[in-house]
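Asks: Structure provided below as structure tokens; questions to follow.
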Amino acid sequence: DDLPDSIDWRENGAVVPVKNQGGCGSCWAFSTVAAVEGINQIVTGDLISLSEQQLVDCTTANHGCRGGWMNPAFQFIVNNGGINSEETYPYRGQDGICNSTVNAPVVSIDSYENVPSHNEQSLQKAVANQPVSVTMDAAGRDFQLYRSGIFTGSCNISANHALTVVGYGTENDKDFWIVKNSWGKNWGESGYIRAERNIENPDGKCGITRFASYPVKKGTN
């Protein structure tokens, strides 16, 4: 496949500033929203910060601040006819009752797709088109204390944290993923981690290839 050697969706205007999930286990909502914000900008040209809190409160297939997955959240957005802006359903960082009275979707998606797992080339192909939701093992000390550079620290592959891959590249012959986290701008490289890419394990760094998925958007909102 003829894929670009590198891509950074931040430079293409498809990524809103890094957010902070706080003490709520809502990483799945942030991962989902970042992917939807991305494809919406790519398709429509508009970059709109969208509502994680709506997903936390309203995605009944997930568990709010106690965890969840991206695919049921994508499916909620499909079924709901879209997702609210951050402005109209702001983040509170705690579980809440779904507020249907403020339901005013501004961005819709058509469906979602899973990236073929255990294959970094499949993930690269997807990320060449748009930001992609992924899981990583973020429980280890090395990950949590990451500051900068290409992350080569130790981690396993358990899917305990959700993030969004917003690009990839190579530095000094070392390939990396550009991954957006939701732990605020003071963590890592201004809220991002560059994780080593094209490693020998098909699960990818910290299991990044295991549960990757992305929203499909065909037209306007």
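Just so you know, glycine gets a Cβ as well, placed from its N, Cα and C.
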Asks: In Swiss-Prot's disulfide listing, Cys24 is paired with one of Cys65, Cys98, Cys155. Which one?
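Replies: If we follow Swiss-Prot, the cysteine bonded to Cys24 turns out to be Cys65.
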Asks: Between Cys98, Cys206, work out which one Swiss-Prot annotates as bonded to Cys155 by a disulfide.
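Replies: Answer per Swiss-Prot: Cys206.
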Asks: Where does His161 (active site) sit by DSSP, helix, strand or coil?
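Replies: Looking at the DSSP assignment, His161 (active site) belongs to a strand.
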Asks: Starting from the Cα of Cys65 (disulfide bond), work out which of the recorded positions (Cys27, Cys58, Asn99, Cys155, Asn156, Cys206) are within 10 Å.
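Replies: Cα filter at 10 Å returns Cys27.
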Asks: To the nearest whole angstrom, state the Cα distance for the pair Cys58 (disulfide bond) and Asn99 (N-linked glycosylation site).
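Replies: That comes out at 8 Å between the alpha carbons.
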